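The Ni(2+) binding site annotation in TrEMBL covers His105, His107, Glu111, His150. Here TrEMBL flags His105, His107, Glu111, His150 as Fe(2+) binding site.
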Amino acid sequence: MTLELSPGVEPGDASSQAMEAWYMDDSEEDQREPHRLVPNQPVSPDRLRELGVFHWKLNADIYETDPELELIRKEQGYSYMDIISIHKDTLANYEEKLKMFFEEHLHLDDEIRYILDGQAYFDVRDKEERWIRIAMTKGDLITLPAGIYHRFTLDRTNYTKAMRLFVGEPVWKAYNRPADDFDIRQNTTCGALFLLYVL
């Protein structure tokens, strides 16, 4: 899939709006902990883009009427939308779902998530098989490319509310690792998205 973006909806300015990301340690500590290396090894927005991971910073307080979100959805064909609240009081089978979300897996379609409230982490594998942790906070919209190994967890706040976006009817099927026989994994870019600015 190729992202075609108008000038007004380019991914967030790396100098002020970029998500924070870093290489993870290999500790068996609680998955909700930050798991930073010592010293910290940050990952730049450019490095994430090389992996096909893209980000926008939007105003989540106006998500129902936000023209910027509407333009992104229109241009990318994100016709499906729902909202999920991940908290022990709102999500059925909460502990089981968290365990499932944290299993390393891939999808055959892009994964698009927009954080409306709370905080969470996405972890993605780089091309050297190292884990990168991406901190998601309110207003972050992220796209993960089809075929990239990843996982999801809450942080220590134990709560997030997210919009799930999809092109067409949603396909929720996840393929736990190993899943390297899919064509999308044979692509040297692992399904990475290439950013095309429409000037």
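Each position is counted from 1, following the chain as shown.
Heads up, the Cβ atoms here are built off N, Cα and C, so glycines get one too.
The local packing around His150 (Ni(2+) binding site), expressed as other Cβ atoms within 10 Å of its Cβ over all shown chains, amounts to 22. Counting every protein chain shown, 20 other Cβ atoms lie within 10 Å of the Cβ of Glu111 (Ni(2+) binding site). Using a 10 Å radius centred on the Cβ of His107 (Ni(2+) binding site) and all shown protein chains, the other Cβ atoms total 21.
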